[in-house]
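Summarising the annotation, TrEMBL assigns active site, proton donor to Glu501. What TrEMBL lists as substrate binding site is Trp363, Asp364, Lys614, Gln615. Residues annotated as domain 'Glycoside hydrolase family 65 N-terminal' in TrEMBL: 37-274. The feature domain 'Glycoside hydrolase family 65 central catalytic' is assigned by TrEMBL to 330-702.
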Amino acid sequence: MLQIAEHGHRDTGDDLAQLLSLSSRPWLLRRAGFSKDPRRLQINETLMTIGNGYLNIRGSLEELPEGSCRGMYINGVYDRSEADVEELVKCPVWTDVSVWIDGLKISPATCRVLRHEQVLDMKKGILHRVSRLRTPSGKILTLSTVKLVCFHAVHHGYMRVSVLAENFSGNIRVLSGLNGDVFNRGFFEGERLKHLHLERIERGRNLMYLEMKTRERQIHIAHAASWRMLEGQSRNVRWEPRIYGEKFTSEMTLSAEKGSLSEFEKFAVVMTSREVKKECMFSESVRELKWFLRKGAFQEIQEHISQWDECWKQADITIEGDCEAQEAIRYNIYQLLINGPRTVGSVGAKFLSSEGYLGHVFWDTEIFVFPFYLYNFPSMARNMLLYRYETLPGALLNAERAGYRGARYGWETATTGEDVTPRFASKLERTIRLIYTGVEEEHIVSDVIYALERYVRVTGDMDFLRQCGLEMIFLTARYWASRVWKEGDGYEIHTVIGPDEFHEHVNNNAYTNFLVRWHLRLAAIVFRHFSRTGDKGFMRVCRNLDLKSTEVSRWSEISRSLKFGIDPDTFLIEQFDGYFSLSDHGVRRHDRKGRPVLPAGITYRTIGKTRLIKQADVLMLFLLFPHSFSSEVKQANYDFYEPRTLHKSSLSHSAHAMVGLDIGDHQHAYRYFMKTVRVDLDNLHGNTDLGIHAAAVGGAWQTVVMGFGGLTLKSDRIVLNPWLPGSWRRLVFRVQWRERIIELDISHEQTLIRIVASREMIVPCTFRNRCFRIRSNIRYVLRDRPLSCSIGED
Ligand code: BGC
């Protein structure tokens, strides 16, 4: 029988209780009451997800009442097996616990609920649950759990369970184990896909071990855990291990006295063969578990909380005067914090909160989510770009399969970078039809390069540019050069889908073409810059890619003459060729949740023949290139496209909020912001059960910082144009920029700015179109006056 050492740390219960105690109200997300409706159960499970970006666990009730959809997901663990395309694997979970009395599994679903609540403590990354229940035979008990996934030691998890027998004495069975009996829900209704094989189960009084292996990619996933009663409470306990196929359960039967509290704890370690050699999975995870046990819960949780404190110190945003907005932005930041990739890896469209969108990576990542990491945790932004670098071989294959040169990032990607977009419409859209996005939604190629350029600009990480970025920029530029079509004196791009997916097979989508022009110009500038320096890394890349200046000259030529136009009279940018001749229908009706309703007679099959659009398309350009368009152009296009947008994607609202703020449509902008920032908290798209809307979360952060905060960077200049809604008294945040931190404290009367840097520096800044220079480590007060602004040191 396997044995494991006793705890090293002898903490007093009070110390630990103090660490686990709830933070103050603004840091808590509470969900009270219980519903048997699977949808509502699953919405809670999504919202209450805990994690650390390596692995995240849905906030399911531990006994898994019928209808719940538990899940643990590990960043980068995808598998295909019988599925149509690769998907994020639902991994075994270590958090299942069930309490049995008189043969009944105790749950709000089987007992009368006297009180039931889950509380997510976002400050500490801890999920609490308390259920006071009465069994059908009148026994009253309170079941409480506390669980966390360590933030500083990503393989570790801890959970504490307590059972209070309020009005009875008698036997209670408490079971907890490791459950490998898990299925993905699949793409189509009722599919249930099995991605895991059982490799090994081991059990001992203090140890349980489960190792599973993904069926196609052969990734081993090991769980080692220890489940025990708290010290001093183990009298009158009968222990029995049980194995049910792929499930391992450690069962304790105790005879509880009326009024007694029985407490259990579980230490868990999760590892995969991506970090540890296959042959060493058992020894490594058990060694890690022993170390964790010796260290003890107290010290581990203390470190966990201080890591959370550090992250909040950098990333928190204060909004004074608007509780709803404050609660929601904090929740959004919490989500971003638990999803930042700790090693090379990206972020899926639903984060690691479910199998929605099969865990795939879309443009959502680079355009919506990436800026948060870039401005707060640049090493995570780098990990996301490294994912794109390491998946270049897949991107090369995508291009080759389509008959082009260079590298083409796939619209949806997973392990290799090869496109894994399903061929049929997702059930999210409730209509079965062929999907063309994988073939045609090519703007992603330049979206990735856009994020790369921002990264280098904001961090100054030239090593990354040299070692990885150059190849990414050149290979993707080469793709576009082979993809464009010569038409008369100019170039065009035919048969694409822009961000607005209602219109397929269109020519010259404005968003795509503008981005490609920018991309090819960037590639040429970078090439020339490095040619002048004679950089060795650059020469090596050029040799490997057989890249010559003649090829680069063509990129410049294409960039100059690729079709893109602004009507000089109306200032309008046509979304794609022929868009203005489509039938015109404005959005006239909204449903109860304020969502636009399709005009009568229009269906998703015919919508492509109208000017109605799914989400921001042309307007996305103003977001990405705020300094490249005049205010007349922004205004005209906003006025034109906004009333024709159905916002059928959650990506749309933040774009409208930010462009609205830029052009001064403040009231609408605030409404759009609230729709973004509360999309999951209020289930505004009706599908939060299927996961968090990552792009909306990232977009909400951008709206606060770049929209309301009005912060943009123009070359090496800070540009500030804040605007606060009437009810916001103060907006406070900080961002990282190169080796500096920009601190902003904005109110209606003034903006306080300080650049914190370890060395003296002077930074150009523009506030309300007025330019000046500020010194590091001094707080400046910028004041709005009707016609000017006054600037003074604090
Ligand atoms: C949107 C895309 C988005 C995808 C994943 C679609 O509905 O139209 O822009 O990338 O969802 O979030």
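Each residue, glycine too, has its Cβ placed from N, Cα and C.
Fewest other C-beta atoms within 10 angstroms, among the recorded positions Asp364, Glu501, are seen around Glu501. Same-chain neighbours of the substrate site beyond Trp363, Asp364, Lys614, Gln615, judged by a C-beta within 8 angstroms of the site's C-beta center, are, in sequence order, Phe362, Pro499, Glu501, Ser649, Leu651, Ser652, Ala695. A 10 Å cutoff on Cβ-Cβ distances gives Gln615 (substrate binding site) a total of 22 other Cβ atoms nearby, all chains included. If you measure from the Cα atom of Gln615 (substrate binding site) to that of Glu501 (active site, proton donor), you get 8 Å. With a cut-off of 8 Å between CB atoms and residues at least 6 apart in sequence, the same chain places Pro499, Asp500, Glu501, Phe502, Thr645, Leu646, His647, Lys648, Ser649, Ser652 near Lys614 (substrate binding site), listed in sequence order. Sequence-distant neighbours of Trp363 (substrate binding site) (same chain, 6+ apart, CB under 8 A from its CB) are Trp411, Glu441, His443, Ile444, Asp447, Pro499. In the three-state DSSP assignment, the secondary structure recorded for Asp364 (substrate binding site) is helix.
When averaged over the domain 'Glycoside hydrolase family 65 central catalytic' (330-702), pLDDT in the model lands at 95.
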